[in-house]
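**Student:** Quick one: the structure is below, and I'll ask about it shortly.
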Amino acid sequence: VGSSGTVSSAGYRANVTGVDIGWWGLAASIVPMVVVAGISLRRRLGLERSLAEATVRAVAQLVLAGWALTLLLDGDTPMVWAWAWVVAMVPVAGDAARRREPRLAGLGWMTAVGASLGLGVSLATVFALGILPLEARVLVPVSGMVVGNSLKVVVVAATRLVDGLRDRVGEVEALLALGFRPAWAVRDIASDALRLALLPQIETTRSVGVVFLPGVLTGLILAGVDPIQAALVQAALLFLILGTAAVTGLVVVFFGVRVFLTDDQRLVPPTV
C-alpha cells in the first residue's frame, strides 16, 4: 500500500476506500425482505414471523460480531482471544445441529468432534504451510466460514441418514438376518446420506466464478485487493470448506448409524 492509498499488483490499482453503506443503506437493503414477506402473505406461506425474526437476528448478530472483531483486531489484543473464539464455534455448531435434527441422538457431540477434526486439519494446512498468515483477522473469519458451511452438510447428512434408515428398514433387517455385519447392512444408506450432503458444496465449488461470485471474492475486490489474488484466496477457502465439511459429515454418519444399531446386531429404526 503506497502513500497514495492504492494497492498495486500485476498492473492493477484500486482505491482502497472500502464500501460504507451506513445505517440508511442497511435499512434500504431490507426491501427484498419486505418483498418476500409480501409473497408469503399473498401465498399464505406463514413465513412472516420467521422472516422478521431472521432479519432482526441477522442484523443484531452481525453488528455484535463486527464490534467483537473490532476489539479482537486491535493490535494490543492477545492472539489467545482469537483462538478462544474459534474454540467456542465448535460447541455452538454442535448445539445448532442438535436443534435442527433432533431425531439423531448425540448429533451435537458428533458435530463437535467432526468439526474439531476437520477444522484442525484445515487450519494446520493453511498456517503450517504458510498459505495464509496466522493472524486474528485471518483465523477467526476463516474458521467461521469453514465451521458454518460444515454445519449445513451435517444437518443434511443427519436428516438423510435418519430418513434412509426409516424408509429402508426392511432392507437393513434382511441383510442382518442373512448374517451381514451391521456396518455392511447400513453402508449404502450411510454413503447415500454423505453423498447427498456433499453434492451442494461440490456444485458450489464447481460453478464458482461462472455462475456466481462468492462473498470472500466480492469482499476482497470491494476492499481494493488485486482480483487475481482475491480469486486465489477464495479458491483456497472453498477447498478448505469442502475438506472440513467432508470430514465432519463422515464423522456424523459413522457414529450416527450406530445410534440405531444394538449390540446384538439388531436395527432400532427411527419412528418419525
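Don't overthink the numbers, they just go from 1 along the chain as shown.
Quick reminder: no glycine exception, Cβ is built from N, Cα and C everywhere.
From TrEMBL, here are the annotated features:
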type	residues	note
TRANSMEM	21-42	transmembrane segment
TRANSMEM	54-73	transmembrane segment
TRANSMEM	79-97	transmembrane segment
TRANSMEM	109-132	transmembrane segment
TRANSMEM	138-158	transmembrane segment
TRANSMEM	208-225	transmembrane segment
TRANSMEM	231-257	transmembrane segment
**Student:** Same chain only, please: residues at least 6 beyond the ends of the transmembrane segment (21-42) with a C-beta under 8 Å from a C-beta of the stretch. Say none if there are none.
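**Tutor:** Those are 48, 51-52, 55, 59, in sequence order.
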**Student:** Who are the long-range neighbours of the transmembrane segment (54-73) in its own chain, taking Cβ under 8 Å and residues 6 or more past its ends?
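**Tutor:** Contacts of the transmembrane segment (54-73) (Cβ under 8 Å, skipping residues fewer than 6 from its ends): 26, 30, 33, 81-82, 85, 136-137, 140.
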**Student:** Give the nonlocal contacts of the transmembrane segment (79-97) in its own chain as ranges (CB under 8 Å, at least six residues past its ends).
**Tutor:** 68, 72, 107-112, 115-116, 119, 123, 136, 139-140, 143-144, 147-148, 150-151, 154-155, 158, 252
